[in-house]
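Here the structure is laid out as structure tokens; the discussion comes afterwards.
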Amino acid sequence: MSGTRQIQPVFALLNKARDRVGKIKHKIMVLSGKGGVGKSFISSMLALALAEKGYKVSILDADIHGSSIPTILGLHGMRHFADEEGILPVEGPLGVQVVAINLMLDSPDAPVVWRGPLKSRAITELLAKVKWPEGDFLVIDLPPGTGDEAITVVQTIRDLSGAVIVTAPNMLSELIVSKAINFVVKNNVKLLGIVENMSYFKCPGSDVEYNLLGRSTGEELAKKYQTKLLARIPLDPLIGRALEEGVPYLLAYPEGEAAKAIRSLAEEILRIVQS
Ligand SMILES: Nc1ncnc2c1ncn2[C@@H]1O[C@H](COP(=O)(O)OP(=O)(O)OP(=O)(O)O)[C@@H](O)[C@H]1O
Ligand SMILES: [Mg+2]
């Protein structure tokens, strides 16, 4: 009967996780079939754009190996603390509550060398042991692909409001989108739509769009998969500058081309989850 004894704590943990995140109304996962398309940037900026509108927002960095949300949000040198009820999120800009493995490490550049089952367990533990505040939104940033982390999130949080798929215009975009969409559909998660990041570039003062990474296919992809193109986010060199300055882009450059697109993405998501 030792098997029963081992299984029980996992169920208890899952139930605790469901109970704790149950206090948050809308839970949104951000994923892509591919790396480097801007998932973490979009998750962080979406969280800030929703917080700007007065919503109470939390963000979970579910990328165990490549945790980058703390850096994007400018949380340098900050750490999680715990009290008798659990791990306390770190308060980020505009009151966004941030939970990330990197905020628990002795040094943010220490590598996390966990294999699949440990990564899954770590995500469930984070969901269960963090004292998530009551709130309107939980944005979940995932690592590239549809592996352990994404599976754990969909299996643990059964009442996800939906998934946002991030892509970028290049030859692989269709493959990226179809993998991510198949994952979402197979797991009975609502597909909120597609975000085409790095979609185009406009020179300052000009309205001409240059497709630096390739033809923009967001609209076609959305049609093909019967979903919405939620936003086309332009390439903006100020995003890199904000990172260097250690200030979140949306706050550092609120008038930036991409900042405007991110705010309209937040409005689009609000329309969908509130309809
Ligand atoms: N629209 C954009 N314009 C300019 N730079 C961007 C844009 N979007 C993201 N970036 C930059 O591209 C890089 C990759 O972005 P990000 O880390 O968010 O991608 P990711 O999909 O989360 O990557 P990973 O798959 O490794 O988790 C970062 O340096 C980010 O600042
Ligand atoms: Mg990322």
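Using the three backbone atoms N, Cα and C, a Cβ is placed for every residue, glycine included.
Automatic, uncurated: that is what TrEMBL annotation is.
What TrEMBL records for this protein:
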- Gly33, Lys34, Gly35, Gly36, Val37, Gly38, Lys39, Ser40: ATP binding site (BINDING)
(request) Around the recorded ATP site, report the further residues of that chain (criterion: Cβ within 8 Å of the mean position of the Cβ atoms of Gly33, Lys34, Gly35, Gly36, Val37, Gly38, Lys39, Ser40; site residues excluded), sequence-ordered. (result) Ser32, Pro144, Val166, Ala168
(message) My understanding is the cutoff is Cβ-Cβ under 8 Å with a sequence separation of 6 or more in the same chain; which residues meet that for Gly33 (ATP binding site)?
(response) Pro144, Gly145, Thr146, Leu175, Ile176, Val177, Ser178, Lys179, Ala180
(message) Near ligand 2, which of the binding-site residues show up if the criterion is a Cβ under 6 Å from one of its atoms? Options: Gly33, Lys34, Val37, Gly38, Lys39.
(response) Lys39
(request) For each of the binding-site residues (Lys34, Lys39), count the other CB atoms lying within 10 A of its CB, then report the residue with the highest count. (result) Lys39
(request) Return the residues near Gly35 (ATP binding site), defined as same-chain residues 6+ apart in sequence whose C-beta is under 8 angstroms from its C-beta, sorted by sequence, else 'none'. (result) Pro143, Pro144, Gly145
